[in-house]
Amino acid sequence: MAPSLCCSRVENVFSSGIFKLKKQQSCVAAANARNGSIALLSSSSPSSRISLSGASFYHSTSRPRSLSVRAASPSSPAAVAEPEGIKINSVPTKPIEGQKTGTSGLRKKVKVFKEENYLANWIQALFNSLPPEDYKNGLLVLGGDGRYFNIEAAQTIIKIAAGNGVGKILVGKDGILSTPAVSAVIRKREANGGFIMSASHNPGGPDYDWGIKFNYSSGQPAPESITDKIYGNTLSISDIKTAEIPDTDLSHVGITKYGSFSVEVVDPVSDYLELMENVFDFQLIKSLVSSPEFRYMHRNQLSFNLESVFHSYGQSNYVHTDEFFLNASLKLWFTFDAMHAVTGAYAKPIFVDKLGASMDSIMNGVPLEDFGHGHPDPNLTYAKELVDIMYAENGPDFGAASDGDGDRNMILGKGFFVTPSDSVAIIAANAQEAIPYFKSGPKGLARSMPTSGALDRVADKLNLPFFEVPTGWKFFGNLMDAGKLSVCGEESFGTGSDHIREKDGIWAVLAWLSIIAHRNKDKKPGEKLTSVADVVKEHWATYGRNFFSRYDYEECESEGANKMVEYLRDVISKSKPGDQYGSYVLKFADDFSYTDPVDGSVASKQGVRFVFSDGSRIIFRLSGTGSAGATVRVYIEQFEPDVSKHDVDAQTALKPLIDLALSVSKLKEFTGREKPTVIT
């Protein structure tokens, strides 16, 4: 049955801007109970259709609007050399302070990016920083995570790209492309590079965050040599080259030509899905995910209401509760939380359509401009809805989540959290036997410096090259391009491999599903399955356990946070091996510095660390991923080889080190913070 719903009951699916249905616009909704899809049909425009089950999620009652690029002085825009059929204007502008690019691009509040020429200046400064051969008459990719302001920003970027002589822009439908997908598309289409519109795991909406970054032709984030040039050019910029072309309709797949310049709108999923099918054994995973034996604990003929069909969209308050019957289950085996972010566009095509998962295994599966008023950061604090489900008495056996732009992940078993540090180590240890892409074995392993040493132990046992790099995915790229690295990860919920040049949330989920499927492929019906917890505990028994935790103090006053780091640098300058810190003996203390083994570039002041004689570590960093204030991160790690102690709670095992870290840093004194915002 397909009950009708009035427009007012479904308009809250959309937040604002292009997502909002006007109240006066009459529409009907049909709910398909078999596949969990929703279709909205506008009576004023019968051809206007919104499918909430696939990759098309957006509806706009008007053409997308771009930011106007305005002259900073009364002088008129000057015409410049033009591509065939396009008029190019040179718009006077002035430098704007605060455009220094961080580890993952430029991130600020939306209201800052909406200031006159703020975004346009940065985009033009980027083109001024690149050799002409890197973009003239070339192909650039454009996509983002679906957050507020992306559609407006996309139009501005397209016009400035045309104004600077780019030949073609390839953009995801509705401006949607996950960060991993942008990297995949750049590599497959042999593009010159690409723009990613995202503030990653930070909140979205008119009062929150927006971001932009540029990836090079290998699909990796631009190196510091380029981001430093961009910043330098923002300090001296005098004009913006922009094309006089109309806003491009991004809601339909196809090619729009403006003289010799063109914009191609593409399906955001297809290239990425093709790559995933080449990396993993989808048939093996499907045998696990879609099999009744694995998919459910038991099946029943069960009566339930329509709200449960819409549960994955988080819209149960806006639908009728007409009851109907389905051949359903009392317990799902697999649950994926897209957090109303970009992976909602990928979850159904991959997990449901290709791998046979149930539609109601997808939570928060509709990308929204404000992420449903949530914080799309897949950790124990911000993905609490998923955590509560996984720790419930009758919770699923496997759960996962991804973040705003789809490059981070969290893996959970029933009542069991897998730390990101353990996750990358376990993927690396099982890659060759469980994932076809690694059938010849990984080339090398790497982790960011704050990430626990669990991966080091795998590299040592497998006799693989190992690298410790600063935080920031760009530091892995050179190693990959040089053929030295296959699997890598960061403790900040980022995991990936050399299939692309970005961390990849869905890749990590598929890697874990591959490991579980491989471990259970020969199990007979009724036989106890190997669970997520079983895999992790077997790994600990083999390699030992690295107890690990991270304390995040978000949006601290920058002055106090910087003073704390300077104080710590003074402490380490006076320290020496053998110094006693409570019951711990110092092995060394430093401010981490990295020399790239491929190009010799040096990254300094990457984190203050105290390393003790038993292998325990305390690390302090200021994060560059926020848009306001400073985020202080404190990392605590201790190795435990004794299997009988592996089930101790991490916070209990690490309490002496945590107390030492807070004492040594005088964190409360410098920041005024009594407790962390997030504990991982």
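Every residue gets a Cβ built from N, Cα and C, even glycine.
Taken from TrEMBL as is:
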DOMAIN    99-237  domain 'Alpha-D-phosphohexomutase alpha/beta/alpha'
DOMAIN    330-412  domain 'Alpha-D-phosphohexomutase alpha/beta/alpha'
DOMAIN    421-523  domain 'Alpha-D-phosphohexomutase alpha/beta/alpha'
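The predicted model assigns the domain 'Alpha-D-phosphohexomutase alpha/beta/alpha' (99-237) a mean pLDDT of 95. Counted with DSSP, the domain 'Alpha-D-phosphohexomutase alpha/beta/alpha' (421-523) comes out as 50 helix, 16 strand, 37 coil. Across the domain 'Alpha-D-phosphohexomutase alpha/beta/alpha' (330-412), DSSP assigns 24 helix, 17 strand, 42 coil.
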